[in-house]
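Listed features, source TrEMBL:
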ACT_SITE  436  active site
ACT_SITE  438  active site
ACT_SITE  578  active site
ACT_SITE  580  active site
DOMAIN    313-446  domain 'ZU5'
DOMAIN    447-588  domain 'ZU5'
DOMAIN    780-865  domain 'Death'
């Protein structure tokens, strides 16, 4: 035993001997158990033990090793020598990646002679990289429990039924598409977990599992289930939620021992009356009584339907009862099945950046798209309309999931979303189905696991970290309630960087919520993994703290003394009656609540830089952008051919969805009538995955007298959003709290302006122009002059995109050779005169600017038009009020 203690690297803290170490080894080998997964080099220690103390090691009956260990392959060769081995755990998940998520182990196979372990009854290979089940497992004659969850299994062996003594089998979170018929030969199987796979069909033989008491098939792609499930007379719990079921057999109601049937979140149009009357059936999230299309449109039908391609200048299209496919210029697609609209219906759409006061992001949400508005609002379709929305892939895919969020009456809610990757472009789109139109956007949220808690209790665990569990005991509630769980992994490196202390460690952040305002009737047990590097062997209880945070994460209270803590080698377990944020910390610091607030705040902040660049061909065109720190170099490299300017600003920190402003100073100004201009400053909202960019045209109101103007643009914070932690808000108060950065802007010597003289322009004289109409807004001659000043050398491509012929462009260039100003004016006003009667000419101008790479001019035209619409609406409203007032007076 003393030798084994030395090999395990255990030493007596007093330095007087190895008695303490021997005690720890004794605890490791109690009842012939050897738990080495708590050590980062457990496999190395096992190999040393096997070499030096083989006689004792081969007697081990229970062995735990980490499959994240780099010496795992070498260790596997020694395992068949452990002839007395009854339980073997080779799990991954003991290491984390750069995002803080648990890494799968390196196990991909097992040695052939592994099947000689005749005493083995329990085998756990979860969190590994198995793509096929090792054939040697089928030769384990005594195997009762097999866990292969969180692997990459695509199929099970055809002779899987050879494991005749199997009582528990879990293959949760794999890639299984079908099951072998021999699964029906597992006559002793009591618990079968095949949740979160890709199963599309079940074999009839699954009905031969007569001893099965719990069957979990949730989170698959099942369209139907076989009638043979009614033969499972011992079945108590049947989980079928989150599938694609359109029907279930009524015979399930005859199962004598069934106490829970979960059919939530399927596509059930109708449920047999025999099942619907059962007190333990759960059916929320199904379109009962509605006509439901399949998840994918019928290919033959879809090909027959009209296909509409909507150009960038248009804002509406018409849907008839025959249905259609619609593709917008921005990449958004719609599928209207036949019969979705009973009468012809005109659909209006627009895409815009969300309003800060209207779209409220939740904590740790990331906006991945602009807002899509579809009108008319509230119109109910006869069949579900399918929508595909492109989005920008998030940077933290492991701990986040992508959902489409929609505005429903007074609040935002998340739709059932499927992420699809396009084959050619590899870009992702979010797919959802809706019965009415509203506002839609794509967000990345923390992965959300949820369940319905019945009176008899249940278990909920995290798919991000399955070591996090919430156990609801029987009698925890009278009425069923919905519970949601979210987890935010936090790496040890992040904690150390923010706290500047190597002693501070923390578990993943756990957030629990429910749809009831009433606390639970009984305490709910929560299991959290111990912080990295902390195990039951080296735990100092005085350094462990359970923190409870409020919904906004602004206060963190140490509740360690208020709960009963239990410990295992890897986990801490405690009980609560109400839900919020929970965080397990291990530190010697005293004011741990303040430290947790600081860390939580920093986890929500993004490090960003500001850039201010001027177009080389037209220095009065300025590009402003707020860029996350890691994207600065790629963005500048992309812009360097067309723009020049100072180095980016120093790094600052901003929250997702935070407002800021840009102000031009020292002799530089902008158009104050811009819709995004507030008190002379440009308004921005920072979203980490959107561009946060504006191109604007600046001028100098002072007389330059042939001299360049050396001005600047400064960036300031806006009003502090409500969701920012109190400490962060307090630190921003003060004389310089709103200032973020300042960058120089230099305007060259002013050239003669085209609109300084009211007379003919460079020899041109045009009658007054009003492009567009009063309702949509006009573009006047003055507006065209302002636009012409910014066109520069792009005038030829703009003219071609406006519809002018190449011969016309050549003639304009020849007639006004050596004078770029005249070329631009001739092109632009010639087109304007030809199209002045066309109500869609403004849309054509915007589209031509975008196609010519001049998004800045297109944005300015849209801003002018939007301002015109607002003025028109205000005038109509004022006239209407005056008429009402005069009518009342006459009455």
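Cβ coordinates come from backbone N, Cα and C, glycine included.
Features as recorded by TrEMBL, highlighted on the structure.
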residue	record	CB count, 10 Å
436	active site	15
438	active site	16
578	active site	12
580	active site	14
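Sorting each residue of the domain 'ZU5' (447-588) by its DSSP state yields 14 helix, 59 strand, 69 coil.
According to DSSP, the domain 'ZU5' (313-446) comprises 0 helix, 66 strand, 68 coil.
Per-residue confidence over the domain 'ZU5' (313-446) averages 86 (mean pLDDT, predicted model). The DSSP breakdown of the domain 'Death' (780-865), given as helix, strand and coil counts, is 69 helix, 1 strand, 16 coil. On a Cα basis, residue 438 (active site) lies 31 Å away from residue 580 (active site). The two recorded residues, residue 578 (active site) and residue 438 (active site), have Cα atoms 34 Å apart.
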